[in-house]
Amino acid sequence: MNFKSLSLFSISFIALCFTVASAANFEIRNNCPYKVWAAAVPGGGKELSKGGVWNLQVNPGTTGARIWGRTNCQFDRAGRGRCQTGDCGGLLQCKAYGVPPNTLAEFALN
């Protein structure tokens, strides 16, 4: 391996390590005795039965995140529907913040 190839490999490896190290992971667990549809921006959404877990990975460079629960939701196979609380534009995979009433966790990421 020549110096030029070694340098390129080293730069790529360092960039990969930095990317992996700067991502954030959230474990979202439903401790409620009923089904909850977890939501996150960025991140989307996921149906969680009692005791269910969603391991949410936030991309490197993300500066903030909101996570909240939605209740009494009904979605079709395409992921369109409504929630009684925390609805985010009628989508299972949220792209916008949920509307009140909802309880949310908001994070600033450095």
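Quick reminder: no glycine exception, Cβ is built from N, Cα and C everywhere.
Curation plays no part in TrEMBL annotations; they are all automatic predictions.
Here TrEMBL flags 1-23 as signal peptide.
Annotation source TrEMBL lists disulfide bond at CYS73-CYS83 (among others). The Cβ of CYS73 (disulfide bond) has 20 other Cβ atoms within 10 Å, all protein chains considered.
The 10 Å shell around the Cβ of CYS88 (disulfide bond) contains 24 further Cβ atoms across the protein chains shown. DSSP gives CYS88 (disulfide bond) a coil state; it is part of no helix or strand. What TrEMBL records for CYS88-CYS94 (among others) is disulfide bond.
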Original post:
Once the DSSP letters are reduced so that anything not helix or strand counts as coil, what is CYS94 (disulfide bond)?
Top reply: coil
